[in-house]
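According to TrEMBL, the protein carries these features:
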- B:Leu20, B:Asn27, B:Lys156: xanthine binding site (BINDING)
- B:Ala128, B:Asn129, B:Gly130, B:Glu131, B:Ala132: 5-phospho-alpha-D-ribose 1-diphosphate binding site (BINDING)
There are 2 protein chains.
Amino acid sequence: MKLLRDKVMTEGIVLGNQVLKVDSFLNHQMDPVLMREVGSEFARRFAGEGITKVLTIESSGIAPAIMTSLELGVPMIFARKHKSLTLKDDILVEKVYSFTKRETNEITVSKKFLLPGDRVLIIDDFLANGEAAFGLARIAEQVGASVAGIGIVIEKSFQPGARLLGEAGYRVDSLVRIASLENGTVTFVDEVHESL
Amino acid sequence: MKLLRDKVMTEGIVLGNQVLKVDSFLNHQMDPVLMREVGSEFARRFAGEGITKVLTIESSGIAPAIMTSLELGVPMIFARKHKSLTLKDDILVEKVYSFTKRETNEITVSKKFLLPGDRVLIIDDFLANGEAAFGLARIAEQVGASVAGIGIVIEKSFQPGARLLGEAGYRVDSLVRIASLENGTVTFVDEVHESL
């Protein structure tokens, strides 16, 4: 997706070999036109999949997810993150480990919004180790909903999330895929292929 | 705003005299068409104000804010909430007390995204005591930006936030205003006026 790729090249800030800072357009300040285009692109890629719900996790997934859900004409649900939880029987809960924050969060969705038979499209801003995406998929599957796919704005392909999700049978569709952040430079996956 | 009011009437759940649960369309599951209409309405009401940035706070403010910013053609920024904070000199910080959670959070915005001269439209899902809106306004004013107004999806007019913000000189524009939740019933402000 060229618009997104251009943004990553011009505004992304590489911090070390693992971290790409995109807080000028994706996860702190947000570019609404880019978000709309991201939503259109996810809707295009998952058209014909019979999506009935878009599922994401607070906070940075919300803007791309609401734009995708608008385009698909279905509701969006965002899972909430909690450090601890008073157990209730009307919510779906999964544990998600954050490598960045080095803590385990519980993510929750109210049972009334995910139903058996729902076809769920999971949307998130970043894919690194895949913990959040796996957690969201398990939430959907707890109630007998099926996961049609996982739409990611920026995939860090040098981390294992995309591979692990693929091996688990999930369709992962990422708008840009980053092969490496070494030497302070963003290298996209297709650039690696082109240079082979 | 009729579409929103109808949603509140048909899907809002009154819990006690203070709490209106709207998690089926506003702050857990979200209705994307409603969010788009909310964004259009805020853009219409604040047209001509020379807005340069839309400012909200994670998480439920993000969807109405991104739709408003899309309509106005300006960037959106969402403030982050933290329980504690390692001090850094590149961020704007304000303390915000949550009456619901009975705790003080620090809300932060990166200094690079708010500039002196910015005309800021603050958007949030609910207005009760006004703590979050005041915190966002102080964040903007810290850098010399001006607050053009505060757009609220649902105002609980029986709580003091709208009055306090008005007395402080802010323009508050709420899409629906709730006079009372007593006896398990939603009463809108104009219904109170009509019955006088």
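Cβ from N, Cα, C; glycine included.
The model shown is predicted, which means the values in this text are computed figures rather than measured ones.
Annotated 5-phospho-alpha-D-ribose 1-diphosphate site B:Ala128, B:Asn129, B:Gly130, B:Glu131, B:Ala132; additional same-chain residues within 8 Å of its Cβ mean position, judged by their own Cβ, are B:Val96, B:Phe99, B:Leu127, B:Ala133, B:Phe134, B:Gln159, B:Gly161.
Note: the CA-CA distance between B:Gly130 (5-phospho-alpha-D-ribose 1-diphosphate binding site) and B:Lys156 (xanthine binding site) rounds to 10 Å.
Annotated pair B:Ala132 (5-phospho-alpha-D-ribose 1-diphosphate binding site) and B:Leu20 (xanthine binding site), C-alpha to C-alpha distance, rounded: 18 Å. The binding-site residues near B:Asn129 (5-phospho-alpha-D-ribose 1-diphosphate binding site), taking a 10 angstroms Cα-Cα threshold over the set B:Leu20, B:Asn27, B:Lys156, are B:Lys156.
The distance from the Cα of B:Ala128 (5-phospho-alpha-D-ribose 1-diphosphate binding site) to the Cα of B:Lys156 (xanthine binding site) comes to 5 Å.
Rounded to a whole value, the Cα-Cα separation of B:Leu20 (xanthine binding site) and B:Glu131 (5-phospho-alpha-D-ribose 1-diphosphate binding site) is 18 Å.
Same-chain residues with CB within 8 A of the center of the B:Leu20, B:Asn27, B:Lys156 CB atoms, the xanthine site residues themselves not counted, are B:Gly12, B:Val19, B:Lys21, B:Val22, B:Leu26, B:Asp125, B:Phe126, B:Ala128, B:Ile154, B:Ile178.
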